[in-house]
């Protein structure tokens with residue numbers, strides 16, 4: 001029985017070796033391509049932050065893509081500076097069901113509707 005176990009383990013090792021060699025062959029073209037690119041662009045991976053010029057520009061402060069970005073940032077700054085008003089106690093927020101007494105009085109319009117004058121004409125027909 002021990003002979004079979006040794007034989008099986010030997011076969012497993014051989015299978016693993018075959019898989020390892022296949023993985024190495026699959027990675028080899030990628031590594032070769034990577035080496036070609038490194039030879040073509042030697043300074044590519046040295047500084048993760050970029051050039052000194054770029055770092056200096058980033059240190060100066062935020063720059064905007066166009067006037068729209070600038071105006072939006074400016075509006076955000078104004079909104080932060082405004083004092084926050086407390087919640088209005090008379091504001092209906094959906095906590096209760098409004099009744100006709102809770103609703104404000106409706107304002108009468110100064111201009112009468114053209115449709116309202118014709119209602120009388122319809123009743124006469």
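Using N, Cα and C of the backbone, Cβ positions are placed for all residues, glycine too.
Values in this document were obtained by computation on a predicted structure and should not be read as measured data.
Annotation source Swiss-Prot lists compositional bias 'Basic and acidic residues' at 1-37.
Look at Swiss-Prot and you will find 28 (among others) tagged as phosphothreonine, backed by similarity to another entry. Its own atom aside, the Cβ of residue 28 (phosphothreonine) has 10 Cβ atoms within 10 angstroms in the protein chains shown.
Less than 8 angstroms from the CB of residue 67 (phosphoserine) sits no same-chain residue that is six or more residues away. For 67 (among others), the entry in Swiss-Prot reads phosphoserine, with the evidence type similarity to another entry.
Here Swiss-Prot flags 99 (among others) as phosphothreonine. Within 10 Å of the C-beta of residue 99 (phosphothreonine) there are 7 other C-beta atoms, taking all protein chains into account.
Proximity of residue 109 (phosphoserine) to non-local residues of its own chain (separation of 6 or more, Cβ distance below 8 Å) is seen for none. According to Swiss-Prot, the feature phosphoserine maps to 109 (among others), an assignment based on similarity to another entry.
Annotation comment: Swiss-Prot describes 1-53 (among others) as region 'Disordered'.
Residues or ranges marked as region 'Disordered' in Swiss-Prot: 81-108 (among others).
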